Amino acid sequence: MGKPKKKSDLSRAELMMMTIADVIKQLVEAHEEGKDINLNKVKTKTSAKYGLSAQPRLVDIIAAVPPHYRRALVPKLKAKPIRTASGIAVVAVMCKPHRCPHISFTGNICVYCPGGPDSDFEYSTQSYTGYEPTSMRAIRARYDPYLQTRHRVEQLKQLGHSVDKVEFIVMGGTFMALPEEYRDYFIRNLHDALSGHTSNNVTEAVRYSERSNTKCVGITIETRPDYCLKRHLSDMLGYGCTRLEIGVQSVYEDVARDTNRGHTVRAVCESFHLAKDAGFKVVAHMMPDLPNVGMERDVEQFIEFFENPAFRPDGLKLYPTLVIRGTGLYELWKTGRYKSYSPSALVDLVARILALVPPWTRVYRVQRDIPMPLVSSGVEHGNLRELALARMKDMGTECRDVRTREVGIQEIHHKVRPYQVELIRRDYVANGGWETFLSYEDPEQDILIGLLRLRRCSPQSFRPELKGGVSIVRELHVYGSVVPVSSRDPSKFQHQGFGMMLMEEAERIARDEHGSSKLAVISGVGTRNYYRKMGYELEGPYMVKNLY
């Protein structure tokens, strides 16, 4: 046996291995003693002890955790726990770059829109620069949907997230404006990437995806109001799509015209109506700080947006206007004909908007993912939501949207857990239908555990499955960290039976109050078996149950 090597004789790789082993030893000891541990502190100290300038990667630490400690330690090591705090791993994918569909009849794209084949960022999709994290992943995979999915799922796994349930977001301009052949190829590959099967068409891909171990619980597609007509909605139902993100940007007709949107505000209201009657969840993209609006008019449009039954979306993505090189807005800004709000005024505005959000709406995002160096004017802070919430605290207002109150997010940010849970019901009218928002909440601490969106379809419903007295469940979601579909973790809120209880109440309301003979559910492809257990059967793209 040779002498043990001195620290100075060891290679960098050997030192890194010793550092990782030491970090894990400290984590195991802390776990055995029931102590909380600051991982960053441990990594910094241990790296310094072994004379390393760089810290070990989280992926390598997770990979080295001994099998019998994985269950206890990996959740504590998870990078970006918010990624799966809502119970689902979100995988964003991008379709190939293509021109905006309304160029052909308005002659140009929207004044604020970067990206696209004709822009300074020519390898990027419309409305993206190619430097956002999702864009960069898509470009690396040459916009191949299969590779984008496999790489992202693998990445989330390595970071310690459960990828048992996946929701896709299809980004990159107006997907529904692309040729049908390409759309089918794209969606087919998303499903195949999860199931491992090679399908010949979308129907076959969906059939195999239903039985896959990694469940596709939903697909979200970004679209425009003029590409959200009956034929588009029917195609999207066939894909397994459950949520739409519709670019609204402004509720003012003059602003839509001046910014060259290429559609009217009336088209927005009609698309909301058609989409909700088909069972989709509707998320609106809105842009405060557009040209010729001003602060007061901006606040008024959001009051209108949440209170007027012609709008009332289920979700909101708030994208304050950014000035980016190569856009029409950049030229206006350069010549002094457009000026962005000051950073402080923008935080004020976002705080006022968040205070208006009703408890049934979820605010998904508060700013774009565009890297700051590409922004000539507009948002100057990367943490706009946090700043706005802090400003609301000062103003004595609070944000009561779905995301702020979710049990998983509350646990990460405030370490609070629900104590007394009760069923809460809120009814409202939106887009020609009667909406009921059912939720399990802890009203004392204002924490949301699960929600269900029930709608009595309007007589104008165009889907044959939903005609003649049918109610539809547009969303059922129990929040809390992802629990693999087959396991029950008593400390996590998914799989505790809240979903079943919400469905029972929805069936009662549909039968006794709506007078409906059937209840339909727009279900993600991978969750259809969950509804089969409750007596639902597949009818077209919906899971349906007779109530009498």
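Cβ atoms are placed via backbone N, Cα and C, with glycine included.
Keep in mind it's a predicted model, so treat the numbers as computed, not measured.
The annotation domain 'Radical SAM core' is assigned in Swiss-Prot to 83-373.
Shown in sequence order, I109, C110, C113, G116, Q126, G173, T174, A177, G262 are the residues of the chain, 6+ apart in sequence, with a C-beta less than 8 angstroms from the C-beta of C100 ([4Fe-4S] cluster binding site). Marked as [4Fe-4S] cluster binding site by Swiss-Prot: C100, C110, C113.
Taking Cβ-Cβ distances under 8 Å and a sequence gap of 6 or more within the same chain, the neighbours of L476 (acetyl-CoA binding site) are G450, L451, L452, R453, G499, L502, M503, V521. Among the features that Swiss-Prot reports, acetyl-CoA binding site is placed at K165, E475, L476, H477, V478, F498, G499, M500, Y531, with the record citing similarity to another entry.
What Swiss-Prot records for 397-548 is domain 'N-acetyltransferase'.
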Integer mean pLDDT for the domain 'Radical SAM core' (83-373): 89
